[in-house]
Amino acid sequence: MPHTEHIWRNVDAVRRQAPLVHSITNFVVMNVTANALLAAGASPIMAHAREEMAELVNIVSSLVLNIGTLSAPWIDSMFLAGAAAHERGIPVVLDPVGAGASTLRTTTAAQLMERVRPAIVRGNGSEIMALAGAAGATRGVDSTRDAHAAADSARALSRRHHCVTVVSGPVDLVTDGDEEVLITGGHELMPRVTGMGCTATVLVAAHAAVAASPLEGAVSGMAAMSAAGSMAAERAAGPGSFAMHFIDALYALSEADIRARVRVGRP
């Protein structure tokens, strides 16, 4: 199981190596997630044109596929980039935003799992349950299920697709179908700011680019997210100032912060 030293090693490696993270992501969060990657020490690129997917995959360190604002051309680009990245051994992280809320979202996410075979999928409880085929309530892109409720679905998804599944919430669950890790930290202000889940996904992608395994990358990315959320909340007066302080916290994050603010353990 990844421990604090592994988490810090990956935080430091992201800062030293500046992995290039390619995000095919949604309009709502492009600026938010690009700034988060920069603050963490990674380098973002947000490109969607299918004509350049093959070229870009040759130079990136990891790939994020985020289905938040889907359209047919973007779906084509996701399949092209995802297949090329998988073939080259580049870690792909899928964010199935709103899976279960519409047929398009659910079907696209399921097809990406089958055809792209991402190394990691990160979603909230409702999204993971929907992707695993469980009956779960989804209200837009917001979760009505926590990690505990989605644990069986997460394990099943990981075993079926040979991937790491991350269920984010007040307590985050990371599993590869056999090993399970719980991450406790963060703050209740985090779901009051748009793009926090999508930010978790890009941080996981940055860490996956430098980590020893997808499981370790997922755990360390989520732990960094939780620690920064806790730090930001101490200075924030509300959601607006939290968003600003969160970026600063990612930039300033230290090993001592991780040790003091995040608990990583088994269920």
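Using the three backbone atoms N, Cα and C, a Cβ is placed for every residue, glycine included.
Per Swiss-Prot, the feature substrate binding site maps to Met46, Gly195. Secondary structure at Met46 (substrate binding site), taken from DSSP and collapsed to helix, strand or coil, is coil.
Residues or ranges marked as ATP binding site in Swiss-Prot (evidence: sequence analysis): Arg122, Ser168. In sequence order, Arg122, Gly123, Asn124, Ala147, Gly197, Ala200, Met222 make up the list of same-chain residues 6 or more apart from Ser168 (ATP binding site) whose Cβ falls under 8 Å from its Cβ.
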Cβ neighbour count within 10 Å of Arg122 (ATP binding site): 31
Listed in sequence order, residues with CB under 8 A of Gly195 (substrate binding site) and six or more positions away: Val28, Val29, Val32, Thr33
